[in-house]
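Asks: For reference, the structure I am asking about is given below.
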Amino acid sequence: MGLFASCSAGVLSAALLLLLFSSTALCDCPRPVLPPHSSLKGGGVLEDSYTAETVLNFQCIPGYENIPGIMPRMTCLETSKWSDLPTFCQGKRCPVPNIENGKIETLGDLRLGEEINLHCNYGFRLIGGANRQCVVKSGKVDWNRELPSCERIPCVRPPLIDNGSYDPNPSDVYDAGWITIYRCNPDYSLIGNSTITCVVAENGVDGKWDSPSPECKSNGIYVIFLTFNMSNCFFISSISSIHLCSC
């Protein structure tokens, strides 16, 4: 009888230990999966398992920031599962590019990893590549390369014309949009357009004049002497009419 009681007590103790062990094992949570772009707050590495009611706090890695309204923490529940934690890190924004006489083209909001294209306004050309990407530099987000610039597109100096002139630019620079006005010398008439305009060529980077320069034709008087039957006669002609004079 005593032996039976002793054995029964041993079996009961073993059963209690097994039950306690099973209960403890069920309450442990496995190693959690780190949310995207995050790490344990304060550093360190994740353990293989955690006991119930353990709270893990996270932080965003460099280049990322917390999404407002989301607490970056997980709790080990008694069901051996971790509480839900949605993605709480988002890329930080790069500085808004400021390009004089230019503009940017983007499908996002300038956050880490996004790319932009840069373009110049009409009459300007891009110096430097058009594409940039938002990256992490020394723990901060910035564009992967120095931003380009936009410079005015020039035309060659307006061509000179015989018996005429144009109003020169004092700086001797003729950028896209510049209008050159031609004038003829006295006693000459202008043939063609009196103005030519510097425009952007088809390749988008060079300048050209939109039309040929005009010409200046003489409207002077010509005197020609003719001899008929030993008599000297002459006639006077002009562009508009011919006059005959008798001897």
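Note: Cβ is positioned from N, Cα and C throughout, glycine not excepted.
Pulled from TrEMBL, these are the listed features:
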type	residues	note
SIGNAL	1-27	signal peptide
DOMAIN	27-91	domain 'Sushi'
DOMAIN	92-152	domain 'Sushi'
DOMAIN	153-218	domain 'Sushi'
DISULFID	Cys155-Cys198	disulfide bond
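Distances, neighbours, how buried they are, the whole picture for these features please.
Replies: Note on the domain 'Sushi' (92-152): mean pLDDT across this stretch is 95.
Its Cβ taken as reference, Cys155 (disulfide bond) is surrounded by 23 other Cβ atoms within 10 Å in the chains shown.
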Asks: Of the residues in the domain 'Sushi' (92-152), how many are helix, strand and coil by DSSP?
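Replies: Per DSSP, the residues of the domain 'Sushi' (92-152) fall into 0 helix, 31 strand, 30 coil.
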Asks: What is the Cβ neighbour count of Cys198 (disulfide bond) at a 10 Å cut-off, with all protein chains included?
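Replies: For Cys198 (disulfide bond), the count of other Cβ atoms within 10 Å is 22.
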Asks: With DSSP as the reference, give the number of residues of the domain 'Sushi' (153-218) in helix, strand and coil.
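Replies: The composition, in the requested order, is 0 helix, 30 strand, 36 coil.
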Asks: In the domain 'Sushi' (27-91), how many residues does DSSP put in helix, strand and coil?
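Replies: For that range the per-state counts are 1 helix, 24 strand, 40 coil.
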